[in-house]
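K.L.:
Below is a structure I'd like to ask you about.
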Amino acid sequence: MAGNRPFNKQQTDNRERDPQVAGLKVPPHSIEAEQSVLGGLMLDNERWDDVAERVVADDFYTRPHRHIFTEMARLQESGSPIDLITLAESLERQGQLDSVGGFAYLAELSKNTPSAANISAYADIVRERAVVREMISVANEIAEAGFDPQGRTSEDLLDLAESRVFKIAESRANKDEGPKNIADVLDATVARIEQLFQQPHDGVTGVNTGYDDLNKKTAGLQPSDLIIVAARPSMGKTTFAMNLVENAAMLQDKPVLIFSLEMPSEQIMMRSLASLSRVDQTKIRTGQLDDEDWARISGTMGILLEKRNIYIDDSSGLTPTEVRSRARRIAREHGGIGLIMIDYLQLMRVPALSDNRTLEIAEISRSLKALAKELNVPVVALSQLNRSLEQRADKRPVNSDLRESGSIEQDADLIMFIYRDEVYHENSDLKGIAEIIIGKQRNGPIGTVRLTFNGQWSRFDNYAGPQYDDE
C-alpha cells in the first residue's frame, strides 16, 4: 500500500491469529494495490486511461472495490470529475454507498494514497492477481468436470480444458500494443532500412523462397506475414509449401517448423527426400531403389542431419493455442524460427467455437496472423478452395474462391494460388508448368509467376522457358 498504514489491519491480525482461518486457501489478491488504484484515481483523474488499459471492474477482488471502480467508469464516461464528493454522491444515487463502506471508507481511500505516481504498477498487480484467480477457477472447473464427466469423453474434457485456458490467454492485455510515438516508429524503421542496406540480399529482404521470379515479386517471405497457399486438389499445394520449407531450411540455419495435420511425418519425410534427392517418390515409397538412388538419398540425409533444423509436428486437430505454445517452445530453445508451415488451415479447430464454422475459421486465421507478429516469422498456411470454381470456364482461382474466404482474405498479407492447366486439360500446351498466382500482396504487386512442376520428384523448380506476360 502506498500509504503510511495498511487498511483493515485489525481484520488482518484476527485472521492471522485464527488457526482455522489461517489454514484456508485464500485466492491471491492485493487489497493494498486495489486501494491504491482507487485512491490514486480520485487524486488524479488524468491517470484513468492508464488504468483502464490494464484492469476492468471484475479484476478487483472485493465486491465493494468492483462497485467503486464501476461507478468511477460511469463518472468518467459522463465527463464528470472523479473525487470523494462526486463518487459518494453517485454511489448514493445507486443505493450502493453503504455497501462499499460508506463515505468514511471512500475518504480513507483518498487519504491513505499520497500520490498517483505509481498507479500503473499497482494496476498491473491487480490484473496479475486477477489472472491467477481466473486460472484457479478454471482449474477447479476442469477438476469438477473430471470427477463428474456427465457422459463426456476424455477428448471432450481436454477440449473443455483447452478452451477455458485459451480464453484466459486471449483476454490478457498486451502491453506492447497501443499507440506508439512517431519517433519510436521512425527509429525502428530507419534501423531496419540500414540493416537491409548493409546486408547483401539480391533484393530478398525476407526468407528466400528458392524461386528467382517469385523472389522478385515478393522480396522473399516477410517476417510477421501470414501467407496463404491455396489450390484445388492435385495441384500440388502441399508439395509447393514443402518446397518453400525445404528451400528455407537449406538456405538458412534457423529452424523451420511444419505442422502437418493431414499427413504423417514419415510421408512428409519421404516427400522431402524425393524432392531434395531428385529421386522418384514412387520408388522411395515402394523401396525399389537402385544404387544411384541410394547414393542420392544418403547424401541428402547427411545434409539434413548436419543442419538438423527441420521440425515436424503431425498432431491432428491442433488448436491455435497448441500451435502457438509449440512454436514458442521451438523459438525459445533455438533463439527464433525461420518459417512456420501449417497443412492445412481448415483442419485446425477452436473447441469453444465449434458450433459456428465461420467464427471458428475467423479465429484460426486471426490467431495465425497474431502468431506471425508475435514471433516475427512468416507463417505459411495452406487453405482449401471452394468447388464452385470448377463450374467456370477459366478455372484459375481468385481470392473469393477461398473457402470461408472473408476472414482469411482479410488477415492474409500474401495469398498465392497454384494452377496447373494440365490437371483440367490432358493435352494442354502447358504440361509441366505451374502458375503461382499472387492474388493479394499487402506490400507488393500482384501477378503470376511460372514454375516448372516435376511431380515425380514432388518438386517445383525455377521456370526456364520463354518469357510471358504475367499480368
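Including glycine, each Cβ sits where the backbone N, Cα and C put it.
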K.L.:
In Swiss-Prot, which of 1-26, 391-416 is tagged region 'Disordered'?
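P.N.:
Spelled out, Swiss-Prot records region 'Disordered' over residues 1-26, not the other listed ranges.
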K.L.:
Within the same chain, and leaving aside Ala231, Arg232, Pro233, Ser234, Met235, Gly236, Lys237, Thr238, name every residue whose CB is within 8 angstroms of the centroid of the CB atoms belonging to the recorded ATP site, in sequence order.
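P.N.:
Going along the sequence, the neighbours come out as Ile418.
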K.L.:
Summarise the model confidence on the domain 'SF4 helicase' (200-467) as a single mean pLDDT, whole number.
P.N.:
88
K.L.:
Which one, from the binding-site residues Ala231, Met235, has the smallest tally of other C-beta atoms lying within 10 Å of its C-beta?
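P.N.:
If we count Cβ atoms within 10 Å for the binding-site residues Ala231, Met235, the smallest count is at Met235.
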